[in-house]
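First up is the structure itself, then whatever we jot down about it.
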Amino acid sequence: MAAPAQPKKIVAPTVSQINAEFVTQLACKYWAPHIKKKSPFDIKVIEDIYEKEIVKSRFAIRKIMLLEFSQYLENYLWMNYSPEVSSKAYLMSICCMVNEKFRENVPAWEIFKKKPDHFPFFFKHILKAALAETDGEFSLHEQTVLLLFLDHCFNSLEVDLIRSQVQQLISLPMWMGLQLARLELELKKTPKLRKFWNLIKKNDEKMDPEAREQAYQERRFLSQLIQKFISVLKSVPLSEPVTMDKVHYCERFIELMIDLEALLPTRRWFNTILDDSHLLVHCYLSNLVRREEDGHLFSQLLDMLKFYTGFEINDQTGNALTENEMTTIHYDRITSLQRAAFAHFPELYDFALSNVAEVDTRESLVKFFGPLSSNTLHQVASYLCLLPTLPKNEDTTFDKEFLLELLVSRHERRISQIQQLNQMPLYPTEKIIWDENIVPTEYYSGEGCLALPKLNLQFLTLHDYLLRNFNLFRLESTYEIRQDIEDSVSRMKPWQSEYGGVVFGGWARMAQPIVAFTVVEVAKPNIGENWPTRVRADVTINLNVRDHIKDEWEGLRKHDVCFLITVRPTKPYGTKFDRRRPFIEQVGLVYVRGCEIQGMLDDKGRVIEDGPEPRPNLRGESRTFRVFLDPNQYQQDMTNTIQNGAEDVYETFNIIMRRKPKENNFKAVLETIRNLMNTDCVVPDWLHDIILGYGDPSSAHYSKMPNQIATLDFNDTFLSIEHLKASFPGHNVKVTVEDPALQIPPFRITFPVRSGKGKKRKDADVEDEDTEEAKTLIVEPHVIPNRGPYPYNQPKRNTIQFTHTQIEAIRAGMQPGLTMVVGPPGTGKTDVAVQIISNIYHNFPEQRTLIVTHSNQALNQLFEKIMALDIDERHLLRLGHGEEELETEKDFSRYGRVNYVLARRIELLEEVKRLQKSLGVPGDASYTCETAGYFFLYQVMSRWEEYISKVKNKGSTLPDVTEVSTFFPFHEYFANAPQPIFKGRSYEEDMEIAEGCFRHIKKIFTQLEEFRASELLRSGLDRSKYLLVKEAKIIAMTCTHAALKRHDLVKLGFKYDNILMEEAAQILEIETFIPLLLQNPQDGFSRLKRWIMIGDHHQLPPVIKNMAFQKYSNMEQSLFTRFVRVGVPTVDLDAQGRARASLCNLYNWRYKNLGNLPHVQLLPEFSTANAGLLYDFQLINVEDFQGVGESEPNPYFYQNLGEAEYVVALFMYMCLLGYPADKISILTTYNGQKHLIRDIINRRCGNNPLIGRPNKVTTVDRFQGQQNDYILLSLVRTRAVGHLRDVRRLVVAMSRARLGLYIFARVSLFQNCFELTPAFSQLTARPLHLHIIPTEPFPTTRKNGERPSHEVQIIKNMPQMANFVYNMYMHLIQTTHHYHQTLLQLPPAMVEEGEEVQNQETELETEEEAMTVQADIIPSPTDTSCRQETPAFQTDTTPSETGATSTPEAIPALSETTPTVVGAVSAPAEANTPQDATSAPEETK
C-alpha cells in the first residue's frame, strides 16, 4: 500500500511580509479601512492585481489571503462594481475573494446583501463565463474557480439574494433541456406538472424575444455545463501526462453535481436532467477513472454521485421510498425493457420471457445484450426514451461500450442502502485510515475537494440525514485512531531483526506486542445474512511493565475497543524514526483491525466478569484477553483469502493497541446510529420537516401548535404582581381578585389562544375587540395547600426576578412544541432552564422530562440549582459519570438513588412506628411498606374520616373554633412540631392546618407505596431499572451517554415526554438528534411533547479535531445553529448580569439588543475600579522579545514567550497588590501557549504562598461556560490572526471576565482584521501600554472611570514590567521582614533556626552577594530555564526554531541595576520557618 505523500502546510504571511507586499501598499493607497484619504477608484488597479498577483502566482492561497484580509472585496471590489466597469479580471477577483471567505469559514455574502443592486448582472456574467470555451478567454483553472463559486451559491439557498438567482437556473422550465420523448414520459408520470408546463409555454409566448432568449439560456445552463464537462473529460488521455487543471476541474464539477443532487429543492428538477445526460455512464467509461493515481479522488466522488442519483426518494413529493417501492421501481424498469425486447427484437425473446430474478444481474444483462450491434442497442435505448430515436439508414454516433453500459447500469439489481450499511464493518482498516481523500491530514488547507459528505441546511430524508452523520462520525474517529496508532507504534520502534522477523526497540504505554493470537469461535450466520453472528478470538500479551501500566491493561473492561496491528518493518535495528516522513513506510504497517474486549481470562480459561466481586489475582505476567472481532470484516477478509488467495490477516497480528476510554466510544455511537437506521425512526410529525430543513420553520413554535395550553400555573416564577405586570409589557393584566392583599404569588395565567383557522372578519370594530382580547391576560392568584406543621414542609421558592424575555422563554418552554432560547453570556440560561423544568414538573406531574447537556459540568450546575427549587429529590435521577463532581452531599446516580430510596424507606417506617405508638395501636405496622399501607387504610383513615364528620359544617352555622383542635386525633404524633399547631384565630385557618397535618401523614404512606417495589426487587440493578422507568420524573444525562446507551434504554422501555437541552450549540448534530429517539413509539407515534433547546450559536461550536471535517464537511455545525440559520423562531435573552457594562460592550454587538441588568450598574463591585490598574479593560501591545514573536516548535503548537512572561508578570503584580489568586484566570488561544504559561508559573510563583497560582490556566475553548472576576488573555499570534478570526472564539474570549479583562497581543496584526473590528475598535481607543497604579492596594474605593489620586505608571514593554514586579516583590519582602522583627520577639532557639535567611544576608559582604540570596528565593531575570515549552516528543531544534534555549545567556539582562529576570518568584522571602528555609536551592544552604 503506497504511503500518502506528506502535504505541505500553508504558512501564513507575517506582519512584516504583509507590510512589504505590493498588495498592502496598494491597499494603503486605495481601500484600507484605517486610511482616511484614499485615492479614487481605478479599474486598472484591479486588472494589475489580478494579472500580476493572482494569475501570475497560479492563484496562490497566500496572495489571495492577503487580498481578502485587507478587505479588498468589501472596500474596493463590490463597493465600486457596476455593469459599466465589469470585466474578466473584475469577475474573477470577486469570485476568488468569495471562495477565500468560504475557505476561511467567515461570512461571505454580507457585503452583497448590503448592496444587492448589481448582483443579478454579476451572476449572469458568471454563468456566461462558466460556459466559455476552455481554450478561449477563461482558462480551465479560472473555470474551476467559477465552478467553486457556483457551488457556494447553490449551497447558500438560505440567502434570499442568492436563492432568487439560483431559482432561475433550477426549476421546472429547465426541463427544456430534456429530449422530447423523455419530457413526455416525465410529464405523464406526474400529471399535475403538465398543467404547469402548458402555463410556462403560454407565459414564454408573451415575453419579448430578448427576455425569452435570456430565460432559455438560464434554463439550459446546467444541461450545457454538463455537455461542456463531458468534452473536457473525454480530452483526458489514458496514459499520457495530463494537466492537473483538467483533473481538478473534473473533480470540482462532480462535487457540484453531488451538492445539487443532495438538496431537495435543486434535486427535484435537476435529477431528471442529470439522468437524461447519462453523465455517470460517460464518467465510468472515461480514461480518468482508469488512471489510478490521478483518478483516485475522481472515482470516489463518482461513487458518491452514483449513490445520490439512485437515492431512495421520490423527487417530486420528497417522501422516502420504502424497500418495497424501490423493488417495484426496479421491476417496472426490467419489465418495460422486456416488453420493448418482446415487441421489437425477436433475438431477445429468451430475455423477454425470463423471470426478473434471472436477468437482472450485470452478468446476465451483458450475456443477453452483449452480442447485439450498436444500432440495435441504440434502438432499444430509444424505445425506453433514454436516447433520441435513430433515423432510418443512419448509424449511431455512440460507441457500443457506452450503449451497453447505459442499458446494464440502468437495469441491474442494486443492493439496498440499508443492506449496504449492515454489511459495512464499523472499525476502520488501514485502507481507510491512511486514505487522504477520505481522512485528510491535519494540514488540510481547504483548497482541494474531498470525497466527504457535507452537512448543510437540508437533507433528503431521515436516512440521508443519519447516513451523512454516520459517515462523518466514523471518519472523524478514524482520524483520531490514526493519530493514536502512529504515536503508539512509532514509540515501540519496530525494526527488522537479523532473521527477518520483528524486534521492538522501544515501548508504548498504550500498546503491547502480541505473544499469541487465536480465533476461537465463528458462530453461524442468521437466516438471510452471509456474515457470522459472532467471531471471538484470544489475544495473549506479556505484561512485563510497571505496576500502574499493568493495572491499566488488566483494567480493560467489557466493550472497550482495541486495535490489532500487523507490522513488517524493513528498516534495520537502530534506525531513527522521523515524524516528518510517511509513517507506513518507516514502520512497515500492513494491517489494522478493530476488536472489542469481552474480558480477561482466568487461570482456567474462563472470562472474568465485570462486577462488584474482587478480581482474582493471576500469577505471572502473561495475560489473555477474549475479544469480539467485527463479523462483517471477518467475512470480507475470509472471502478475499479464499477467492483471491490473499494471506490470512488473522494469523499475522503482532501488536495490540488500546485507547483512552474517554475518547473510545465511537463504535457504540456508530452502532446506535446504525440501529436507528434499521428501525422506523418515529420523529414527531411536528418536528419531521424542520429537522430535514423544509417547510415553515416556525411551524413547531407553540403559537402554531394545535394543542396550545390556555391556562398555565407559573408556580413561583413571579415574585409579586408588579413583577408579573412588568413581565408582559403591552398586555392588559386582569386579576380575578381585587383585594391587593390577596394578589400574591403563585399565579395561574390564562392566555388568549388563537385558533389557527377561522373566518376572516371584515368589521373593524370586531378586529379591534380581537386585538384587545389577544392582549388580555387573566391572572388568578392561588394558595398552595398547607403541607404540614414542620418547617421543612414549607416549599422552596424561586428568588430570581426574571426579565420579560426570560419569562417569554419560560412560557414557551411550558407550552408544547419546539422552543429555542439564545442565551448570550451571563443572561441566566441555566436559571431559565431550571425554572422551565420546575414549572413542567408542577403543571404536568404525570410527565417525565429528559435533560441533556454537552458536559458534566453543565449538568452539575443544573442539578445544584434544581435542588434549590421545590422539586422532590426522589424524582431526580442522573445517568452516566460525573456526578462525583456535584457540589452537593447527595448522590443522584442510579445506585445513589437506590440507596436513598432504601434509607428513606427506613426513615418513613420509623415515622409509621411513631404514629402507631401515638395512636396506641398494637402490632407491628412498620414492618414493611405493605403492612404500613394496611395500617393507613384501617387505622389512620378511619380516625380522619370520623374527625371530619365531627368538625365539618353543620347546616348554616360554623362549628366552634376550639372543636378543630379538641377532636384532632394526631396531637401526640405532632407533639414535636412547633407549638401551638392550631392558632385558634378562625375556623378556616385551623381547618387548613388540620388538613395540612393529614397531608403530611398521607404523603408518608404515598411514598411508602412507591417504595414498595424496592422490597419486591432484590438486586440493585433491578431496583435501579425500576427507578429509571417508573419513579424518576426528571432524568439527566450527557449527550454522549445518550448516544452510547440508547439500545439499553429502549430495551428497558424508557419513556419521556419532554426534552430540555443545555449548551445545545456545543453538541454535535447527531448527538442532538439521538436523544429524541431514546424511546420506542406508541402506536406508531412519538409521545414527545416539548423540545427545549438553550444555547448560544455566537459562541464556540462542537469540537472537531480534523480541519477537513470541521470546514469542508461543516461537521462543526450544531443542530441548534442549523435551526437558527433555517429561520426557526428563537427567544433571545437580552439582559446580562455577569460583567461590567463596559466589558459587555466588547461583545454585545454580536447579539440583538443585549443590555445589562440593573444590578450591573448598582452593585459596588461593578462600580468600583480595579485596584492598581487604571482601566477595567485594556489591550496591551507586545512586540517581539529578543527578535522573536510567535514560535512553532511543532505544527500548530504556537507559543509566544514575550506575551507569556508579560501575562505572568501582571498576574504576580495583581497578587502582590492583594488580589485573591483564585479570582484571576489566565486564558490563551493555543495549547502551546497554555503549557508555556503553566511552566513559567511553576517556575516563578506557583509554590509561593504570597502569590500562588491563578484559578485556571487554560485555553479559551476549554473555558467556555465558565467565568472569573479577572481574565488575563494572551492572543499569541504575530504572523497571522489564526483561529481567533472566527468571531465565535472572540465572543467567548471577551465574555469570560466579570470585572477586568487585560489582553496581550500584537496590535498591528489584530486591528486590521475585518471580523474583529467591532471589538478591537473599542480596545484600541484606549492606550496600548499597560497603565498601573502601584501604590493603590486591593480593594480600592476609587470609582470606575475616576482619575486616581495616586501616581499612574506606564509600562512600555515586558522586561520593564518584569523588573518592576521583581523590585516590588523585594521591597515587600524587606518591609514585611522589618515589620516582623519589630513585632516578634522570638525565643533564642527560634531566632537561630527561623531566621536563617536573614542571618545569611547579614554575613554577606557585598550587595551583589545579597542579591544572589534574594534571587534564590525569587528566580532572577537571567534565569530562563522555563523559557520555551516543548512537548515530550519534540525533535531536536535549534534556538532559532524554538525562540529560546535553556542557557542563561539566551535572555540578556533586562536592566543594569537589578539581577535581570523576567522576574518573578518561587518562594516567599520571609523565611521564618525551617520549612521555608529548605525551599531555597542547595547552593544557598
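Each residue, glycine too, has its Cβ placed from N, Cα and C.
Annotation comment: Swiss-Prot describes GLN801, GLN806, GLY826, THR827, GLY828, LYS829, THR830, ASP831 as ATP binding site, evidence class experimental evidence. For GLN801 (ATP binding site), the same-chain residues 6+ apart in sequence whose C-beta sits under 8 angstroms from its C-beta are LEU719, HIS723.
The feature compositional bias 'Polar residues' is assigned by Swiss-Prot to 1421-1448.
The N6-acetyllysine annotation in Swiss-Prot covers LYS1051 and is backed by a large-scale study or a structure entry. Take the CB of LYS1051 (N6-acetyllysine) and look out to 10 A: across all protein chains shown you find 11 other CB atoms.
Here Swiss-Prot flags 1-416 as region 'Helical region with structural similarity to ARM repeat domains'. Across the region 'Helical region with structural similarity to ARM repeat domains' (1-416), mean pLDDT in this model comes to 89.
The annotation region 'Required for assembly of the IB complex' is assigned in Swiss-Prot to 417-1485 on the grounds of experimental evidence.
Among the features that Swiss-Prot reports, region 'Disordered' is placed at 1419-1485.
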Exercise for review: Count the Cβ atoms, other than its own, that fall within 10 Å of the Cβ of ASP831 (ATP binding site), considering every protein chain shown.
Suggested key: 17
Review point. What is the interatomic distance between the Cα atoms of GLY826 (ATP binding site) and LYS1051 (N6-acetyllysine), given in whole Å?
Key: 40
Point to revise | Spatial separation of LYS1051 (N6-acetyllysine) from THR827 (ATP binding site) - C-alpha basis, Å | key: 39
Point to revise | In three-state DSSP terms, the structure that LYS829 (ATP binding site) belongs to | key: helix
Exercise for review: Specify the count of other C-beta atoms within 10 Å of the C-beta of GLY828 (ATP binding site).
Suggested key: 22
Check your understanding: Which residue, out of the binding-site residues GLN806, THR827, THR830, shows the minimum number of other Cβ atoms inside 10 Å of its Cβ in this structure?
Key -> THR830
Exercise for review: Reduce the DSSP letter at GLN801 (ATP binding site) to three states and note it down.
Suggested key: coil
Check your understanding: Rounded to a whole number, how many Å is the Cα of GLN806 (ATP binding site) away from the Cα of LYS1051 (N6-acetyllysine)?
Key -> 38
Check your understanding: In Å, how long is the longest CA to CA span across GLN801, GLN806, GLY826, THR827, GLY828, LYS829, THR830, ASP831, which the record gives as the ATP binders?
Key -> 15
Practice item. Work out how many Å separate THR830 (ATP binding site) and LYS1051 (N6-acetyllysine) at their Cα atoms, rounded off. Key: 32
Review point. Taking the Cβ of GLY826 (ATP binding site) as the centre, how many other Cβ atoms fall within a 10 Å radius?
Key: 22
Check your understanding: Once the chains shown are all counted, how many other Cβ atoms turn up within 10 Å of the Cβ of LYS829 (ATP binding site)?
Key -> 25
Review point. Reported as an integer number of Å, what is the Cα distance between ASP831 (ATP binding site) and LYS1051 (N6-acetyllysine)?
Key: 34
